[in-house]
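Pulled these from TrEMBL:
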type: DOMAIN; residues: 55-287; note: domain 'Rhodopsin'
type: TRANSMEM; residues: 28-53; note: transmembrane segment
type: TRANSMEM; residues: 65-87; note: transmembrane segment
type: TRANSMEM; residues: 107-130; note: transmembrane segment
type: TRANSMEM; residues: 142-167; note: transmembrane segment
type: TRANSMEM; residues: 187-213; note: transmembrane segment
type: TRANSMEM; residues: 225-247; note: transmembrane segment
type: TRANSMEM; residues: 259-282; note: transmembrane segment
Amino acid sequence: MSILDPALTPVATPPPGIQSNFIDPPSLMSAVIVGTIVVQLSTLPFIFTRAFVNITTRTVLPEDILSYLAYGAFIAQNTLIIINSTHGMARHTWDVSLATIVPGTRMYNIIFICYTVSGGFAKACVFLQLKRIFTTVLKGLVYWVIVGSLTVNAIAYTCFLFLYLFTCWPREKIWSPFLPGRCMDSNTLHTAIGGLNTFSDIEAFLVPIFAIWQMQMELRKKLEVLAVFAVGLFAVATGCVGMYYRVLVLTGPDVTWSLTQTAIVCMAELSVVIIVGCCPYISRVIRQLRDKNTSRNNHRLFASEASIAHAPNPRNAPCWKGDIEQGVRAQNKRIVSSPTDGVI
């Protein structure tokens, strides 16, 4: 009786006319690297924008901490996906050996733990931010919709985190499949959390629309505010694409290939959600830069006023001062009434 060599035994039988290739097989490694670079370069400027506002205002809110934690878990997820792909998990299933699939499966478990942590923190950040922006002390319908969404998502992501932590019992069975114990179907778990992620993306997109439409303001102003949250539509789109690839993992024969595609889409999902949480800070940075320019112009005008006050005809001074004060009052009134001012 011959003994199989795990390093030379494929996980699945190749399709007719194709042979297993363990030397130089087709791989999604390039797509993983390019995808990682794109999502990191897309997300980092928004994280820097949030950090800039935190530093300049010397204010750090709970949602800021959640956003940074989500980004940290996001970096860990991206790094582990690259490592796992380097070790051979970005190939077709029939080009993956039994010796590769066991540690690769363990790594994917950790990857999806990072995904769950990052997604949970990112969604909590978004809903806390919506609560700060759109609710008042009256605690109306909008308040309870946001609080309910925040609570349900927190419970759901916590449950999925524990399910990933204890996919197998004992946990060692994940990387030692011959140990006695029980395991859940991890592919079904991937599909379930994909459904949760897509649902919460849709929820996070619709809640601000509902909240803005309840506000008493001009239609033009409503559309301007909605534009800030329109990026949430991209989160919905990537969530739907992610569900498609998760279904392929669940039903298709080429599990490792589809799982790598799912991992790439998961990176895009988290990137967009983190960006959604940072978008309101862009208007704050623009406002700070505008106020800085206004302050600089006011300083020049006051200096001009002082020189005019010492001139032979000082009657021009009150005119300059009144214009400046009126402009500052109008600007402050507009800023205070802005719906996005509650971000900080």
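Keep in mind that glycine also has a Cβ here, set from the backbone N, Cα and C atoms.
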Under 8 Å between C-beta atoms and at least six residues away from its ends: which parts of the chain pack against the transmembrane segment (187-213)?
112, 115-116, 119, 123, 126-127, 130, 133-134, 142, 145-146, 149, 153, 156-157, 160, 163-164, 167, 222, 225-226, 229, 232-233, 235-236, 238-240, 242-243, 246-247, 249-250, 255, 259, 262, 269, 273, 276, 339
Contact between the transmembrane segment (259-282) and the transmembrane segment (107-130) is defined here as three or more C-beta pairs under 8 Å separated by at least 6 residues; is that satisfied?
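In contact, yes.
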Limited to the domain 'Rhodopsin' (55-287), I'd like the whole-number average of pLDDT.
91
